[in-house]
Amino acid sequence: MTVLGHSRSWSYQWLSLLMLLLGTGHEPGVEGVTHYKAGDPVILYVNKVGPYHNPQETYHYYQLPVCCPEKIRHKSLSLGEVLDGDRMAESLYEIRFRENVEKRILCHMQLSSAQVEQLRQAIEELYYFEFVVDDLPIRGFVGYMEESGFLPHSHKIGLWTHLDFHLEFHGDRIIFANVSVRDVKPHSLDGLRPDEFLGLTHTYSVRWSETSVERRSDRRRGDDSGFFPRTLEIHWLSIINSMVLVFLLVGFVAVILMRVLRNDLARYNLDEETTSAGSGDDFDQGDNGWKIIHTDVFRFPPYRGLLCAVLGVGAQFLALGTGIIVMALLGMFNVHRHGAINSAAILLYALTCCISGYVSSHFYRQIGGERWVWNIILTTSLFSVPFFLTWSVVNSVHWANGSTQALPATTILLLLTVWLLVGFPLTVIGGIFGKNNASPFDAPCRTKNIAREIPPQPWYKSTLIHMTVGGFLPFSAISVELYYIFATVWGREQYTLYGILFFVFAILLSVGACISIALTYFQLSGEDYRWWWRSVLSVGSTGLFIFLYSVFYYARRSNMSGAVQTVEFFGYSLLTGYVFFLMLGTISFFSSLKFIRYIYVNLKMD
């Protein structure tokens, strides 16, 4: 019984989209709290169930053989809630404000052996359920499993048929909601014959208590139900480790590298003064190092259209990542729900498409590109096509397994419309402005028609070694923080340290820029002028290290399993590594370009 939304969801998603665009949207549970009078009905919505260790594998609650109304009525959901896998429907629970209930019958059921087996499988996979009361999520396990002894071995499965709801109120508002089975004995599901039916009676109790807490946000963190782990604390060791690495790298570039450059410039310029009278155009004779390749260092690379598209999309994701973190710092997202972040990321991606079009087309025209229409198409497809292909596979797996993570048709049409009406047109508009505002490429040195032969390079200056060094050092600066990010996205942790995240993000970009400059200098010193693509690949390879870390996390740090969770994890982990490649490759390239312009501007050449 997979729920794909209903007629009102379409209009509500457009409304939430508009509210986020105007900056007036809010996340459920933070604002817009309902006010009740004594005896007013309080609607409890059933939402989803799923394996505890597979956070992205969720199903509608009514897909289990549980008490279900004859006609299921669904709640209108925001775009973020749909993307988060929510599928809320009204339940049979009758709750009234400030009225206690003691063991009221919910329904009587007769379960077949197949239905009992379905419940047994769900309990063995540690299925939890999520209900929603006044936008407050409450969670609990579907059943109870006990393993005991080795010889003899016992395996007991029990279903919770009674739930105790505890709700706290202040005045006319609900502040806290929880569900408990502490004093309840589970109903055994063992020993049922294949042709036998199991009779069950589901009951529930409701207990109200008054609290002095006036606002939901005033409750202590992790006090919402204790079901999921508490909010992460500040990890100073990771921060100090990253700071030390940054200071060392910046010191390396600023002191050692600049000192070497000063000596190079002094030697090259002195040689030029002593030989300028008689050397003529044979100015490089007897020289070596980066000076001798001044006529080739600004030679435009092959596949310049692809390079410009990478830089454009990378610049877009730099703006997108910065915007998301800044919005989080401003408190625009609720800690306990990620729906608002999903919506904001989609909107920011669409709005920042103008950046990718502008940067790509601007630089493409600067380096002599003429097929700018093809460049715009390549830019808009560089991320959207891999994302669409990955999402299609992941969504198909969710759909085939009946998971609520499979997007409804209305949501798919909504997202496609946003991209067609906002994202793609802004890419074209940005590309037109970038093309028209582009000035000729500012190269301090003239480029000869015939390329200079590149001498054989030692092994430690190869592309593979540069990618290893350039990718590992930025990765090491964020490796500890990366664990907490993965534990939040793919686990049950709650991440609130957005200030630390912004700091680490700045560290990542700084380390990438420093490493890029150092590796580019070493490459040019070996008279290898093919730095354009090398600078992108060297630091952009951090994305590969992030993907390798995701493999390690899946195998050694998580309990995830199953086709649904595995396909989603590795599909989106590949996309994450790809996004980091684009972002860090862009930072690396522009850092190297600015560095190369600096050293050749300060080189005397007549």
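Note that Cβ sites are derived from N, Cα and C of the backbone, with glycine treated the same way.
Over in TrEMBL, the protein carries these features:
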| type | residues | note |
| --- | --- | --- |
| SIGNAL | 1-32 | signal peptide |
| TRANSMEM | 234-257 | transmembrane segment |
| TRANSMEM | 306-333 | transmembrane segment |
| TRANSMEM | 339-360 | transmembrane segment |
| TRANSMEM | 372-394 | transmembrane segment |
| TRANSMEM | 406-433 | transmembrane segment |
| TRANSMEM | 464-486 | transmembrane segment |
| TRANSMEM | 498-519 | transmembrane segment |
| TRANSMEM | 531-555 | transmembrane segment |
| TRANSMEM | 575-596 | transmembrane segment |
Pairs 6 or more apart in sequence, C-beta under 8 angstroms, 3 or more of them: is that satisfied by the transmembrane segment (464-486) and the transmembrane segment (372-394)?
no
Determine whether the transmembrane segment (498-519) and the transmembrane segment (372-394) share at least three Cβ pairs under 8 Å, counting only pairs 6 or more apart in sequence.
no
Which of 306-333, 339-360, 372-394, 406-433 contacts the transmembrane segment (531-555) most, counting Cβ pairs under 8 Å:
306-333
Assess whether the transmembrane segment (306-333) lies in contact with the transmembrane segment (575-596), where contact requires at least three Cβ pairs under 8 Å among residues 6 or more apart in sequence.
yes
Highest-contact recorded stretch vs the transmembrane segment (339-360), from 372-394, 406-433, 575-596, CB pairs under 8 Å:
406-433
Within-chain partners of the transmembrane segment (372-394) [C-beta distance under 8 Å, separation at least 6 from its ends]:
305-306, 308-310, 312-313, 317, 353, 356-357, 360-361, 364-365, 419, 423-424, 427-428, 431, 435, 567-568, 571-572, 574-575, 578-579, 582
